[in-house]
């Protein structure tokens, strides 16, 4: 056991002890506490909890590496994963809060007065959240595997046990306050190395202001090597792929059930719009820093690592080469490591850079703890979404309406354990890189819930037949495009699997509108309820009149 | 106490909110989709060491998104106040109007 292992382990255990303490302290007692934290979380803390829920292994571990590899084209992730908060906060969150539902499928079931719609929506929630959680568990496997220097598969299994225990016992309330703590841990863990690297390279402690010149220098280095410049647009994909990916990530943000569920935990529509604003501010701290992280990492690799003798490479190279995620091959046979002989996997950039830049054992340990917080907090929110889709929407609403609180809690907990185990099994041999798996979850949300919720809230003429057609067509088109693009090499305008949501959304909007118009309009009562969502809590719309509750 | 109010007043509230929302979405689309569409010509302009298209993708668009969300929150509160909406009362009603479980 070396000092690095002991330090990393101590930091991870200390943060875990904090999360578990908070979860146990808040152990949920009643059903409303379990799912929506009793609806009284203040916007600023709710914003942090949304931030922790949001910033997953893909954001923390994968994003900076993706930007480093893709250059400008990787910024679609930065704009997509932040710009979606405007769609969510303006178009959906306050209205869904006013509807008073507990979950997204429940809103759909009530709005369209259809149990079929409720069941399809619950199944879509489970598909989206399940896909997403596979990425998180495989992320936690990478971190735990590196820490113990064991196989990532074993690391994933340890992650599965941890997450199942605290999600099942804490419920949403435990998770809300746990997530506030996790947000703080992960943001500190992300900012510290970027600030240190900025000081080391530019002498300026503010990376956001200093990395512009580094981006320019990277372009010069690339020119000398005869490569395309780091910041040159559309080198790794078409402009249409950039736009499609950005749209998919934005609309997916507005359609992710576990993120929307956060907006049910606020007290009013006003609190919903403030929660959205705070959430993006907290999230953006990481998103502003990711391109800086990418630029500094690439600069260090190009100037300090490339060009050194193969025989005197530092110790960090060996540890990472052993994981199979870093390759150094002296193909030119000159005994010197050239930039193009260094192959580094996207997913290790954030984890490996503190070692490469020699930031010290404490910072390296802190980054491991932050990465664990990111993976586990998001997995927690996802499992609650899966659990409520099954225990609340399917079990309680459809199968056993007379179930007691105790029975529903029990079914909810069993669902969490079963879903975690299944996601863990798939994560043992993940079907793609972390960011790719997560992008599929966004594409499915864009093709299903985004059109369904936008039309459900803003178009009173949308009916159950239209909704069901839209959900099924959107799901089918999105999944077919993902598979055709990934395995069949089929693309339109160069749009690959990660941008599939744009086609799903177009097909779902069209199907929903055409089928709704071809069938009977919804009842007057439903149409009134939709108009009612336009106004704040105090105003109620009924039979063509508006009543003010003073 | 529940009192009937003029429907046109409620409609004006809804229209005013939507007008602002449309303005926010136009700005949102220009700073993200607009800049991406014109990325090549914009890359010749430099800002704080960055080519402009890169600056917008990495920092500029995000900053605008955050500002728009806070402007929406503040303007939303002002509109509520203008129409006599009382947040304390909203909270009380919010607690009771949830779907019964």
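Glycine residues also receive a Cβ, built from the backbone N, Cα and C atoms like all the rest.
What TrEMBL says about this protein:
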- A:6-25: transmembrane segment (TRANSMEM)
- A:45-68: transmembrane segment (TRANSMEM)
- A:74-93: transmembrane segment (TRANSMEM)
- A:114-134: transmembrane segment (TRANSMEM)
- A:154-171: transmembrane segment (TRANSMEM)
- A:183-201: transmembrane segment (TRANSMEM)
- A:240-264: transmembrane segment (TRANSMEM)
- A:276-296: transmembrane segment (TRANSMEM)
- A:411-428: transmembrane segment (TRANSMEM)
- A:434-459: transmembrane segment (TRANSMEM)
- A:466-484: transmembrane segment (TRANSMEM)
- A:490-515: transmembrane segment (TRANSMEM)
In contact by Cβ distance (the transmembrane segment (A:6-25), the transmembrane segment (A:45-68); 3 or more pairs under 8 Å):
no
Check the transmembrane segment (A:276-296) against the transmembrane segment (A:183-201) for contact, please; criterion is three or more CB pairs under 8 Å, pairs 6 or more apart in sequence.
yes
With pairs fewer than 6 apart in sequence excluded, do the transmembrane segment (A:183-201) and the transmembrane segment (A:434-459) have three or more C-beta pairs that lie under 8 Å?
no
If we call contact 3 or more Cβ pairs under 8 Å (sequence gap 6 or more), are the transmembrane segment (A:411-428) and the transmembrane segment (A:74-93) touching?
no
If I count Cβ-Cβ pairs under 8 A between the transmembrane segment (A:466-484) and each of A:74-93, A:114-134, A:240-264, which range comes out on top?
A:114-134
